[in-house]
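S.K.: Here it is, the structure, as structure tokens.
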Amino acid sequence: MTDTTGNPLLSLDDIHFTYPGTTAPVLRGATLHLAQGDRLGLLGHNGSGKTTLLHIAMGLLRPESGTVHHRNAVAHDEASLAALRRDIGFLFQNADDQLFCPTVLEDVAFGPLNLGLSPEQARERATQTLQGLGLEGFGARVTHRLSGGEKKMVALASVLSMQPTALLLDEPTNDLDPATRQRLIDVLNRMSATHIIISHDWDFLARTCTTFLTVDDGIVCTSRHTPHVHTHIHHGGEVAHEHPSRGCCHQHDGSHHHAGHDDDHPHTSQTTE
């Protein structure tokens, strides 16, 4: 599905949320828009509300107030949320939350079966998706016996097999070894996928995203820091640097400003392998 109207695929507007049993709000009027072609990196400290925001986007949590729109329609009931989930794929931070079938092939074919493909078509699509991620020969393997990194890639395969328009990826590099991490970067860039990625891996974000936002004090704002890849050798390879920008964190209004660096400020290297 391709949106040719210029309207956002996904809009979260003025989202407020507090977890039951707590008094401190996690989100205090957060606004986030994802349009076709956007490649957004979502930054923020642990507990800032990044994952909560994506869970609300997918209908896994309900906000106290604010609205979620999918292609200009309010996503508020099972029918509208089902349409959203067919269009937008979500990778959980913990792969065990996503995988529940005995074998890898069954896990990856589960989504296509739910979309109405025949068992044969679903198996074929699952096999092709696994091959595209470098997971040839994984189909018959028992899912719960995989390593953490292997589970993460199989979980991604289960999302990609549904051929979504956009991706929401929560810490996709967790548990990945360097070679698999690079393969994921290559896959995302080859797909030119519309996505939002949560990650503390600055180098990964610099290589896969073009716009950077921060969740801070319950709102989404233009990022104070921008990851940049510099092609010089540092401990054996290229590294990402963060460039602090001038000013405070300004609340994000749904428009995107592609990040540039500010050479008037010092920068520090940060590796996150």
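Here the Cβ of each residue, glycine as well, is placed from N, Cα and C on the backbone.
Quick paste from Swiss-Prot:
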type: DOMAIN; residues: 10-242; note: domain 'ABC transporter'
type: BINDING; residues: GLY44, HIS45, ASN46, GLY47, SER48, GLY49, LYS50, THR51; note: ATP binding site
type: REGION; residues: 234-273; note: region 'Disordered'
type: COMPBIAS; residues: 235-267; note: compositional bias 'Basic and acidic residues'
S.K.: Of all the binding-site residues given, GLY44, GLY47, GLY49, which has the fewest Cβ neighbours within 10 Å once its own Cβ is left out?
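M.R.: With the binding-site residues GLY44, GLY47, GLY49, fewest surrounding Cβ atoms within 10 Å: GLY47.
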S.K.: Quick check: in three-state DSSP terms, what is SER48 (ATP binding site)?
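M.R.: Where SER48 (ATP binding site) sits, the three-state DSSP reduction gives coil.
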S.K.: Can you tell which of HIS45, LYS50 has the most other C-beta atoms within 10 Å, given these are the binding-site residues?
M.R.: LYS50
S.K.: Among all chains shown, work out which of the binding-site residues ASN46, SER48, THR51 has the most CB atoms within 10 A of its CB.
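M.R.: When each Cβ's neighbours within 10 Å are tallied, THR51 leads.
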S.K.: What average pLDDT does the predicted model assign to the domain 'ABC transporter' (10-242)?
M.R.: 92
S.K.: Around the ATP site formed by GLY44, HIS45, ASN46, GLY47, SER48, GLY49, LYS50, THR51, list the extra residues of the same chain whose Cβ is within 8 Å of the site's Cβ centroid.
M.R.: THR52, VAL215
